[in-house]
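Undergrad: Below is the structure I would like to discuss, written out as structure tokens.
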Amino acid sequence: MADQQLGVLKALDVAKTQLYHFTAIVIAGMGFFTDAYDLFCVSLVTKLLGRLYYFNPTSAKPGSLPPHVAAAVNGVALCGTLAGQLFFGWLGDKLGRKKVYGITLIMMILCSVASGLSLGNSAKGVMTTLCFFRFWLGFGIGGDYPLSATIMSEYANKKTRGAFIAAVFAMQGVGILAGGFVALAVSSIFDKKFPSPTYEQDRFLSTPPQADYIWRIIVMFGALPAALTYYWRMKMPETARYTALVAKNIKQATADMSKVLQTDLELEERVEDDVKDPKKNYGLFSKEFLRRHGLHLLGTTSTWFLLDIAFYSQNLFQKDIFSAIGWIPKAATMNAIHEVFKIARAQTLIALCSTVPGYWFTVAFIDIIGRFAIQLMGFFMMTVFMFAIAFPYNHWILPDNRIGFVVMYSLTFFFANFGPNATTFIVPAEIFPARLRSTCHGISAATGKAGAIVGAFGFLYAAQPQDKTKTDAGYPPGIGVKNSLIMLGVINFVGMLFTFLVPEPKGKSLEELSGEAEVDK
């Protein structure tokens, strides 16, 4: 029963919202700011990379990345993230959250800078070094998912735990926004300093050599917020739940949380034996785990997988959709710097109007209406809006209807973030036992990233027109944007069905949810 919960953990559960909660949100949230900035900023500069390194003076179109290179540049960080989520999720349960937390941040800082310094005498050399460092950048980013979620859930009180974890995740939206603003600022400065003709006017001069610095500056900027929070990450004590329930050191947990809560907590020697009860030490691959949490893990992994197919395929390739409906002019009518500016402006507008508000709506309502309701509603609304865009797609691409298209498209993003994009991150940090919490969150997140890889790689090919003569250079014919959007709508609907496997953690302590507060079974 819940009354068997340790006093130190009960104190955390009923603690009033105070400064240390907000400090933890900022420290963990800045990691997510960097995560989102790094993962999405590359979508702002892929067109520029094509112009710089794959320029063909005989072509009527500016240079573009060959399909395999575009897939690698867009997807390699996602592959690294998947590996990092599994590895650091497991390590966070083995060594402790705090010990591993600094390593992920150092990796992010070093690899962000190294990505921007990618060198080589040829296009192949630059792309190879860029992909190498982006893989390891993703590896560090991957570690931040299970660790940030677990740390925040273990520090929070049960009344506002959902909002605190959601606030950490909402920093992703700010990171995406920052990526857009940095790209806008950098491209504007370079445009004033190095004015250039359009590609149609002069194929050679439309991409000034100085444009090579633009993508490097944008990519490297991601290291700055991570570097600023490193000191504070190292100052955080280990979470009481890890120290007491996994490391079995209730004395240390009580001392740590007395400092954090700024109050004297009584040490409970009588429950030391209960914490060491072998009945509560079942492993991840045991029958007991399968009985208690098997369906929960299936629910968290499947919903995250399906959500990320839709979310990442849209997000990474927004610029292609905007080009298709004419929101971004034809590449040949712009120079390289203007193209970066126009893509950044379009993505920033979408983020400002839909992505960021969606995250903060989740923060506001998650502890009122619950995780289950938000996730179910989000998947349902994403399905509705995706079909509303897809079936009359030929109507939306008419010039008079473009604003309507962008509104509908923005609403799918709003309900992704005021919906499953936030809840799939929050719930796995709440419903599993402390000794497996980080691992299970890592498994759930990695399955999500597998979906992101399917979306990122698959959408590149699927969205190509069915007419061979209209495909991008090097791509085979696909099923077209309309059919791709219908597929994404179906995926969202299936995600809604799998949501019924996920329990509702609202208002319950972590020990109640995981079964760690039960003495006899």
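Backbone N, Cα and C atoms are what each Cβ position is placed from, and that goes for glycine too.
Pulled these features from Swiss-Prot for this protein:
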type	residues	note
TOPO_DOM	1-24	topological domain 'Cytoplasmic'
TRANSMEM	25-45	transmembrane segment
TOPO_DOM	46-70	topological domain 'Extracellular'
TRANSMEM	71-91	transmembrane segment
TOPO_DOM	92-99	topological domain 'Cytoplasmic'
TRANSMEM	100-120	transmembrane segment
TOPO_DOM	121-131	topological domain 'Extracellular'
TRANSMEM	132-152	transmembrane segment
TOPO_DOM	153-161	topological domain 'Cytoplasmic'
TRANSMEM	162-182	transmembrane segment
TOPO_DOM	183-211	topological domain 'Extracellular'
TRANSMEM	212-232	transmembrane segment
TOPO_DOM	233-292	topological domain 'Cytoplasmic'
TRANSMEM	293-313	transmembrane segment
TOPO_DOM	314-348	topological domain 'Extracellular'
TRANSMEM	349-369	transmembrane segment
TRANSMEM	372-392	transmembrane segment
TOPO_DOM	393-402	topological domain 'Extracellular'
TRANSMEM	403-423	transmembrane segment
TOPO_DOM	424-441	topological domain 'Cytoplasmic'
TRANSMEM	442-462	transmembrane segment
TOPO_DOM	463-484	topological domain 'Extracellular'
TRANSMEM	485-505	transmembrane segment
TOPO_DOM	506-521	topological domain 'Cytoplasmic'
Undergrad: Tell me, please, if the transmembrane segment (212-232) and the transmembrane segment (293-313) are in contact, taking contact as 3+ Cβ pairs under 8 Å between residues separated by 6 or more positions?
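TA: Contact between the transmembrane segment (293-313) and the transmembrane segment (212-232): absent, because fewer than 3 Cβ pairs are under 8 Å.
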Undergrad: Counting CB pairs under 8 Å, which listed stretch among 71-91, 100-120, 132-152, 442-462, 485-505 touches the transmembrane segment (372-392) the most?
TA: 485-505
Undergrad: Please indicate, using numbers and ranges, the residues of the same chain that are 6 or more beyond the topological domain 'Extracellular' (121-131) and have a C-beta under 8 Å from a C-beta there.
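TA: Apart from its flanks, the topological domain 'Extracellular' (121-131) reaches 49, 53-54, 69, 72-73, 76, 115.
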Undergrad: Counting only residues 6+ away from its ends, which parts of the chain sit with a Cβ under 8 Å from the transmembrane segment (442-462)?
TA: 67, 70-71, 74-75, 78-79, 81-83, 85-90, 92, 142, 145-146, 297, 300-302, 304-314, 316-317, 424-425, 428, 475-476, 478-479, 483-484, 487
Undergrad: Below 8 Å between Cβ atoms, which of the listed ranges 71-91, 132-152, 162-182, 349-369, 485-505 makes the most pairs with the transmembrane segment (25-45)?
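TA: Comparing 71-91, 132-152, 162-182, 349-369, 485-505: 162-182 has the most Cβ pairs near the transmembrane segment (25-45).
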Undergrad: Establish whether the number of Cβ pairs under 8 Å between the transmembrane segment (485-505) and the transmembrane segment (293-313) reaches at least three, counting only pairs separated by 6 or more residues.
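TA: These two stretches do touch.
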Undergrad: Would you mind listing the long-range same-chain contacts of the topological domain 'Extracellular' (183-211), meaning Cβ under 8 Å and 6+ residues beyond its ends?
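TA: Long-range Cβ neighbours of the topological domain 'Extracellular' (183-211): 41, 44-45, 48, 51-52, 55, 57, 61-62, 217-218, 331-338, 340-341, 343-345, 348.
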Undergrad: May I have the DSSP-based helix, strand and coil counts for the residues of the topological domain 'Cytoplasmic' (92-99)?
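TA: Helix, strand and coil residues of the topological domain 'Cytoplasmic' (92-99) number 7 helix, 0 strand, 1 coil.
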Undergrad: Do the transmembrane segment (132-152) and the transmembrane segment (403-423) come together with 3 or more C-beta pairs under 8 Å, pairs six or more apart in sequence?
TA: no
Undergrad: Average the per-residue pLDDT over the topological domain 'Extracellular' (46-70) and send me the rounded value.
TA: 91
Undergrad: DSSP says what for the topological domain 'Extracellular' (46-70): how many helix, strand, coil residues?
TA: 12 helix, 0 strand, 13 coil
